[in-house]
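Asker: After the structure tokens below, expect a handful of questions from me.
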Amino acid sequence: MNIVKLQRKFPILTQEDLFSTIEKFRAIDLDDKGWVEKQQALEAVSKDGDATYDEARETLKHVGVDASGRVELDDYVGLVAKLRESKTGAAPQTTFNVAPNSTPIVSTAATGLQHKGKGTQAKIIVAGSQTGTTHTINEEERREFTKHINSVLAGDQDIGDLLPFPTDTFQLFDECRDGLVLSKLINDSVPDTIDTRVLNWPKKGKELNNFQASENANIVINSAKAIGCVVVNVHSEDIIEGREHLILGLIWQIIRRGLLSKIDIKLHPELYRLLEDDETLEQFLRLPPEQILLRWFNYHLKQANWNRRVTNFSKDVSDGENYTILLNQLDPALCSKAPLQTTDLMERAEQVLQNAEKLDCRKYLTPSSLVAGNPKLNLAFVAHLFNTHPGLEPIQEEEKPEIEEFDAEGEREARVFTLWLNSLDVDPPVISLFDDLKDGLILLQAYEKVMPGAVDFKHVNKRPASGAEISRFKALENTNYAVDLGRAKGFSLVGIEGSDIVDGNKLLTLGLVWQLMRRNISITMKTLSSSGRDMSDSQILKWAQDQVTKGGKNSTIRSFKDQALSNAHFLLDVLNGIAPGYVDYDLVTPGNTEEERYANARLAISIARKLGALIWLVPEDINEVRARLIITFIASLMTLNK
């Protein structure tokens, strides 16, 4: 390396500085490759005291590191030089624009990292991917979510040695770049979602390249969507580039999904005690988990003869009074009402959390986030309380509510159709498919999303501003319009009337939604059809069979109802034809037992997601040969392969 050339390029560094920096680079470039990974460079700089990890991380964004993400000697020297500029007061190169009358920033680093506010308002502002854009990271959310990951993944056989991650830096986002931590987090929230054997793992201490990391990111994003996470504008490159606000949002969605998954009357029959006097079980089951949590919270407040109620996870809990009563109800012996006598809100919040600690539930919240009314952290805290200390009397056998069990196929399809409708960004999101479609509004939104311009909203009865339900008569007008639209678009809707949707007829509702989803698939695949028309099931089947042959395999099926599909061999062979080498047949079992068939199906789903396919079904749908859902699996592969 030409020292003179480097000194001209980075005049802020003396010759002595340059020699020292080069030696430090060589100390971490043990194999003399001429480059190191970003993580190594950041750790080296922060260890030397040249900057904090986060300052070095933000500054590196302004150094011309190439697409490989590897830090070469020139880049490393550039990083050190920019950090030196920030300390000597040289004019920083920043991507931040501050309006003349905006709130003053408490501290601004020339690295482009801004700390704004403190205590309850502590936030970090980081540069966006576009010049002039910024994103805000809530420090307490980042810290608590990092603690959660450290806790649930501690001892993991694959990544446990990486933990714990520092809770006071942005290192978490760098650790998430290869998709492995996020995959493990998804499996913690919803076990068995990802077959980790399909993930790309580092070998011989070498980090994954960008392509391998992007495949892992595909699995993460598509799996998160499939378990019901709201994943908007997050792409594989966002993960591998460590974009903080997007990764933090994704982490929250995954944690939230896991925390709320146990708020289910089938798992907790004692939730039946939360029904109000004039409420039916069917109405109660329509509530989203957050509303059930609020109902649970208020049940305990009512049992305590407390005069307040909570309607949110922010201002209604921010003074700590309602939490004091709740914890006292859950365990009067351990959790006293003494915090009510404390007037200072921060002191009271600390006392509340000390009570929670006695229940081994001091998690997610800090005094400052409690007083600030952080809705995410308060929701997580209350969900954790419910999951560990529901405090409801067990239901006796004679009291047990009759929870209607409709046919397994209908339940499976309802789950997939709910996820699909929510992926269209319908508003409000669908919680209970058959109940939420009764007024026709979600159906009509879905028609418009799938076939823009199809719906004349002048003919649609909307809900009043209060959010109250519309009358049965108006709901019938909407659902009749939805059925008429379907017929006009060529759907087979023999015997289906609007009243069937309003009355919650499950079979007929599923039939209508399936045809709408099928049309959505067909529109996406039209470019694949030589005629430009909708593709029939037989054409889709022929395409799948051609892929099997192309991959040198000979499995066959007669239709999408063929029981031979149950062991997933055919689907794995289709994947092999699309992407040779992606199916490791050493991992494929004969499929003689239920466990083997499940393992094969999970393997097929994970490989499809790795390739970038959005797969809604779960392994049981394949094992039980749910024909419609298997068609969606093949159709996703077709759109991927076009």
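Backbone N, Cα and C define each Cβ position, glycine as well.
According to Swiss-Prot, the feature domain 'EF-hand 1' maps to 16-50. Taken from Swiss-Prot, the feature Ca(2+) 1 binding site covers Asp29, Asp31, Trp35. What Swiss-Prot records for 51-86 is domain 'EF-hand 2'. The Ca(2+) 2 binding site annotation in Swiss-Prot covers Asp66, Ser68, Arg70, Asp75 and is backed by similarity to another entry. According to Swiss-Prot, the region 'Actin-binding 1' annotation covers 125-394. Taken from Swiss-Prot, the feature domain 'Calponin-homology (CH) 1' applies to 139-259. What Swiss-Prot records for 287-390 is domain 'Calponin-homology (CH) 2'. Residues or ranges marked as region 'Actin-binding 2' by Swiss-Prot: 395-642. The domain 'Calponin-homology (CH) 3' annotation in Swiss-Prot covers 411-521. Look at Swiss-Prot and you will find 534-642 tagged as domain 'Calponin-homology (CH) 4'.
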Asker: Work out, from DSSP, the number of helix, strand and coil residues along the domain 'EF-hand 1' (16-50).
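Answerer: Counting residues per DSSP class in the domain 'EF-hand 1' (16-50), I get 23 helix, 3 strand, 9 coil.
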Asker: Please identify, among the binding-site residues Asp29, Asp31, Trp35, the one with the smallest Cα-Cα distance to Ser68 (Ca(2+) 2 binding site).
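Answerer: Result: the closest of the binding-site residues to Ser68 (Ca(2+) 2 binding site) is Trp35.
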Asker: If one measures from the C-alpha of Asp75 (Ca(2+) 2 binding site) to the C-alpha of Trp35 (Ca(2+) 1 binding site), what distance in angstrom results, rounded to a whole number?
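Answerer: The separation of the Cα atoms works out to 9 Å.
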Asker: Counting across all protein chains shown, how many other Cβ atoms sit within 10 Å of the Cβ of Asp31 (Ca(2+) 1 binding site)?
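Answerer: Total other Cβ atoms inside 10 Å, all chains included: 9.
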Asker: I'm checking region-level scores; what's the whole-number mean pLDDT for the domain 'EF-hand 2' (51-86)?
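Answerer: That stretch averages a pLDDT of 85.
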Asker: Comparing the binding-site residues Asp29, Asp66, which residue's C-beta has the most other C-beta atoms within 10 angstroms in this structure?
Answerer: Asp29
Asker: I'd like the Cβ neighbour count for Arg70 (Ca(2+) 2 binding site), meaning other Cβ atoms within 10 Å of its Cβ, all protein chains included.
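Answerer: The answer is 18 other Cβ atoms.
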Asker: Identify all same-chain residues not among Asp29, Asp31, Trp35 whose C-beta atom falls within 8 angstroms of the centroid of the Ca(2+) 1 site's C-beta atoms; report them in sequence order.
Answerer: Ile28, Leu30, Asp32, Lys33, Gly34, Val36
Asker: Excluding near sequence neighbours, so keeping only residues 6 or more apart in the same chain, what lies with its CB under 8 A of Trp35 (Ca(2+) 1 binding site)?
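Answerer: Asp29, Ser68, Arg70, Val71, Glu72, Leu73 - these are the non-local Cβ neighbours of Trp35 (Ca(2+) 1 binding site), listed in sequence order.
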Asker: Using a 10 Å radius around its CB, how many other CB atoms surround Asp75 (Ca(2+) 2 binding site)?
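Answerer: A 10 Å sphere around the Cβ of Asp75 (Ca(2+) 2 binding site) contains 20 other Cβ atoms.
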Asker: Whole-number Å only: compute the distance from the Cα of Asp31 (Ca(2+) 1 binding site) to the Cα of Asp66 (Ca(2+) 2 binding site).
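Answerer: Given the Cα positions, Asp31 (Ca(2+) 1 binding site) is 20 Å from Asp66 (Ca(2+) 2 binding site).
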Asker: By a simple count, how many Cβ atoms lie within 10 Å of the Cβ of Ser68 (Ca(2+) 2 binding site), its own Cβ left out?
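Answerer: I get 11 for this one.
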